[in-house]
Amino acid sequence: MMLKIVRYPNPILRKKAKAVKRVTPEIAKLIDDMIETMHAAPGVGLAAPQVAKSIRVIVADVGSGAIGLVNPRIVSKEGKQTIVEGCLCLPGVEAPVERAAKVVVKALARDGEAVVVTAEGLMATVLQHEIDHLEGHVFIDRVKDPALIKFVDAKKEPKEELL
Ligand code: NI
């Protein structure tokens, strides 16, 4: 089922999302719906607050298969990289953001099992961007120089990497 994506500055995007106590069938269904919504957008990542659910669930797919993570937390970071980001909640806005080049994330998977995900490159940026959403941060908060924020016509220049 497709979910409605909220737009910045909807206040839910500034709230700290609540931890999920148990991965219930409802949470598994939310993950499926979020993956469907992300693919349709199209985007490479989505966090539950972006679909008006203030809970700690994210999904990502950079082309190697979709994953859903519950209560994700970054346990280690390494290196630096800068990637031009966009966000499905801020259509037409893009800017370079410096983040860790490699991250290790611990979480629960869709089946409730504990997982450890090691990511680098675009996937590392996506995971950091989505986990930021759970803390009430949006990517423009991380832009070093506001002059680097670009406003593009989202309809004319659809960006592939929307998170
Ligand atoms: Ni985003």
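If you go along the chain as it appears here, the first residue is 1 and each next one adds 1.
Each residue, glycine too, has its Cβ placed from N, Cα and C.
Caution: TrEMBL annotation is automatic and unverified by curators.
These come from TrEMBL:
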type: BINDING; residues: C87, H129, H133; note: Fe cation binding site
type: ACT_SITE; residues: E130; note: active site
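Where TrEMBL records a feature, it is marked here on the structure.
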| residue | record | Cβ neighbours (10 Å) |
| --- | --- | --- |
| C87 | Fe cation binding site | 27 |
| H129 | Fe cation binding site | 26 |
| E130 | active site | 25 |
| H133 | Fe cation binding site | 24 |
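C87 (Fe cation binding site) carries neither a helix nor a strand DSSP state and counts as coil. According to its DSSP assignment, H129 (Fe cation binding site) is helical.
If you measure from the Cα atom of E130 (active site) to that of C87 (Fe cation binding site), you get 10 Å. Surrounding the centroid of the Cβ atoms of C87, H129, H133, where the record places Fe cation, the chain contributes additional residues within 8 Å, namely G45, A47, Q50, E85, C89, E130, D132, H137, V138, F139, L163.
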